[in-house]
There are 2 protein chains.
Amino acid sequence: MAREKIVVAGGTTKSWKLLLGLRIFAFMATLAAAIVMSLNKETKTLVVATIGTVPIKATLTAKFQHTPAFVFFVIANVMVSFHNLLMIVVQIFSRKLEYKGLRLLSIAILDMLNATLVSAAANAAVFVAELGKNGNKHAKWNKVCDRFTTYCDHGAGAIIAAFAGVILMLLVSAVSISRLLINSKNFSTTATTTSVV
Amino acid sequence: MAREKIVVAGGTTKSWKLLLGLRIFAFMATLAAAIVMSLNKETKTLVVATIGTVPIKATLTAKFQHTPAFVFFVIANVMVSFHNLLMIVVQIFSRKLEYKGLRLLSIAILDMLNATLVSAAANAAVFVAELGKNGNKHAKWNKVCDRFTTYCDHGAGAIIAAFAGVILMLLVSAVSISRLLINSKNFSTTATTTSVV
């Protein structure tokens, strides 16, 4: 009995909808994080010294490019947003296409890599931001946020969005991995039913 | 035809051996990272001021507990080492056991979560270490490594080991995810052959 070509269409399964929804939210979270952080800039005129009774002022600017962790943060979140956008397009426009195992496998591995990337970026940024907020007395690093409050608030907003992106990408990755199993279940039930018929 | 109970033993497949090897290396890398960082400590007597011509000395200690990112680094690497140790034991002592899809799925998802965790820890530590090495002139943070060279060298060693752990965990996770597909292939070929017989 020639083995029937077993087609498991992406179809409108529950996991397909769940994955699409999670991806859209993950896309929005990581894109928001990248935009807010990349626009994060504050300029202030501060008293930097006093000579006699005369205060010496200087105009200082805080921007994300000044901190390597924040540059990595923006790049990583842009990459993960792009990955999700691509996957959303692939998922919507190839719904009828045959969902061979290999395709699901590469999507699952790509999702895992992107979850790892956005988690790396969010954690690097949050620990450097914590130094900006609290300083480090051992290293004699003063806090920054007491002088650049808006800059730190926007930075915190971007980092919160990125952590939402991390949680969503972990869920996307878990669903994506589970679809390999669901695919194998469909695969074998169709194989058994075709053989019975 | 009652559906035969399809048993796909873990067996001595190539992916089984590959996964075990990768896990052992990942275990060693993350454990080494955790041990080197947790033992990282340097005490120095430094001139902190001069009054007239008299240098004022102070004994300063640099240790990993002084930096939240390094504390997170040690905890995360210990967790990932423990995860790998557990998986190695499960993989070795349950070789004969029936490898149902759900078990492979939970292992794949756990591996993905641990890859994300160790990547978060390694990246948080590397960006904070970069600040220690180069300082940040915008935030007026002086470098630390010019005075605590041994401390920084050991920290760098631990971070390199952790990044080796990240790469290995990404490979472990990818192989772990692929086994779901390999399992579904075995699953369906056995299903088709049992139905043909």
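Glycine residues also receive a Cβ, built from the backbone N, Cα and C atoms like all the rest.
What Swiss-Prot records for this protein:
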type     : residues  : note
TOPO_DOM : A:2-17    : topological domain 'Cytoplasmic'
MOD_RES  : A:A2      : N-acetylalanine
TRANSMEM : A:18-38   : transmembrane segment
TOPO_DOM : A:39-69   : topological domain 'Extracellular'
TRANSMEM : A:70-90   : transmembrane segment
TOPO_DOM : A:91-106  : topological domain 'Cytoplasmic'
TRANSMEM : A:107-127 : transmembrane segment
TOPO_DOM : A:128-156 : topological domain 'Extracellular'
TRANSMEM : A:157-177 : transmembrane segment
TOPO_DOM : A:178-197 : topological domain 'Cytoplasmic'
Non-local residues, at least 6 beyond the ends, that sit with Cβ under 8 Å of the topological domain 'Extracellular' (A:39-69): 124-125, 127-128, 144, 147-148, 150-151, 154-155, 158
Residue numbers, six or more beyond the limits of the topological domain 'Extracellular' (A:128-156), whose CB comes under 8 Å of its CB atoms: 36-37, 39-42, 44, 46, 60, 62-64, 67, 69-70
Same-chain residue ranges lying at least 6 outside the transmembrane segment (A:157-177) that approach it to Cβ under 8 Å: 15, 18-19, 22-23, 25-26, 29-30, 32-34, 36-37, 40, 73, 77, 80, 84, 104, 107-108, 111-112, 114-115, 118-119, 121-122, 125-126, 129
Residues of the topological domain 'Extracellular' (A:39-69) by DSSP state, where helix covers H, G and I: 5 helix, 21 strand, 5 coil
Residues in the topological domain 'Extracellular' (A:128-156) grouped by DSSP into helix, strand and remaining coil: 15 helix, 2 strand, 12 coil
